[in-house]
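Asks: Have a look at the structure that comes next, please.
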Amino acid sequence: MAAENLEIKPLPGTGKLGPLWLMPGVGRINALSFFAVALINNVIFSFVHYMQPYIFEVQLLIPKDQQGALVGNLTVMQEIIVIGMTGVAGALADKFGRRRVFCGGTLLIGVAYALYPLAEGAALLYVARAFFGVGIACASTVLLIFTGDYSQEISRGKWLGGLNFMQGIGAITASFFLTQVPGLLQERGVDPVSAGTAVFFLAVLIAICGATVAGFGLKPAPIRREGTKQRPLPELLAEGLREARVNPRTALAYAASMAARGDMVVVGAFTFLWLVHYTSNLGLNIQEAYARGQMIVPLITLTVILSAPLVGVVLDRVDRVIGIIIAFSLAAVGYTFMGMIQDPLSNTVFAAAILLGLGEGARIMSSIALIGQNAPAKTRGSVIGTFTACGAVGMLIASGVGGFLFDNWTNTGPFLFMVVINAGVLLFAI
């Protein structure tokens, strides 16, 4: 795919936040609020993946040979909803305002977490994940729209580095700190089921906090988009697919989004589930599995955080397609390493986690940078909505196939499957 070498300059008369150039009309408070919201929302975006094995094992007592399929089925259902809702969310954001759609989505995620501890069987989990899917579609789509609305192209790589840093802190908060809450409560005499309930209601409060910060801190319409308010929804939705047909770089960004979002399922859900199964087979309890997971997953996220500034600088200096090639090469190596590990309690897993983290952060940032560069200003919401919908397709495929491979082949099957997905995007970019 041909590279483009364009000299990019900042827009005249615009402000900055440190090294970040802001779009006209965007203030420092708006930018700081954006990063705060990114942190808070990634706590609730990722929390469900880390705590699902606890609900399966402790609250619902689901047989181990059914857990991989249940993870896959819940996520497939959720992502079907996301696919159906994401384009709508982007179009609604263009028509009726970013903040309303974003805050509504965040609060729906809170509703989902309120339902989880009430479940007495798998049925209510599906209801909860339906709310979660609608909330994710709205909140994640608008967060990407704000990225394009707030940051100028000249420093978008650095902006995405800051975004990845804050989202990484959010993921560590969920995977390291919140997952410890049930164990700490049990040490104080709380029964395991009630301890799980408490941490889920804590997630509800975090969702309310995220919606509050967004409602007061984000600018509702930083850029005037002449004509967007008057265009019908079907036209806005069709724009995203039309752009992929005429611009191969947009099509590549959509493919990259599919692979990058699939990573969220594999690393989040299947890493902890793999550890729960492995330690159970050794006669260890679930808290020992979570203790190991609280080292591996945060290490992946910490690598994303520490590498984000460097990746951002690289993305600002190379063509966006070259950035995709670098990122997906790293990811393919990392997933291959992790997929070949037989003992997740060995120290080898830490080296694999670092490689996986390098690839994960670079893939997310490079795909968002590519779509941010190529999304037309007047229909940015619709194009980015389609980009997010492609990510949902990636999560659907990764969760469905990954769950099947987990139960019927090997616990590292989801990681090996992602090797194939990453290699496919790499070939497309080349």
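Glycine too: its Cβ is placed from the backbone N, Cα and C atoms.
What you see is a predicted model, and the numbers here were worked out from it, not measured in a lab.
Pulled the feature table from TrEMBL, pasting it below:
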- 26-430: domain 'Major facilitator superfamily (MFS) profile' (DOMAIN)
- 29-50: transmembrane segment (TRANSMEM)
- 70-93: transmembrane segment (TRANSMEM)
- 100-119: transmembrane segment (TRANSMEM)
- 125-147: transmembrane segment (TRANSMEM)
- 159-178: transmembrane segment (TRANSMEM)
- 198-218: transmembrane segment (TRANSMEM)
- 251-275: transmembrane segment (TRANSMEM)
- 295-315: transmembrane segment (TRANSMEM)
- 322-342: transmembrane segment (TRANSMEM)
- 348-371: transmembrane segment (TRANSMEM)
- 383-406: transmembrane segment (TRANSMEM)
- 412-429: transmembrane segment (TRANSMEM)
Asks: Please report, as numbers and ranges, the same-chain residues at least 6 past the borders of the transmembrane segment (412-429) whose CB is under 8 Å from any CB of it.
Replies: 1, 252, 255-256, 258-259, 262-263, 265-266, 270, 274, 321, 324-325, 328-329, 331-332, 335-336, 338-341, 359, 363, 394, 397-398, 401-403, 405-406
Asks: Which listed stretch (159-178, 251-275, 295-315, 322-342) has the most C-beta pairs under 8 A with the transmembrane segment (29-50)?
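Replies: Going through each listed stretch, the top one turns out to be 159-178.
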Asks: Do the transmembrane segment (295-315) and the transmembrane segment (70-93) come close, with at least three CB pairs under 8 A (pairs 6 or more apart in sequence)?
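Replies: No; fewer than 3 Cβ pairs under 8 Å.
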Asks: Average pLDDT across the domain 'Major facilitator superfamily (MFS) profile' (26-430)?
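Replies: That region's mean pLDDT is 87.
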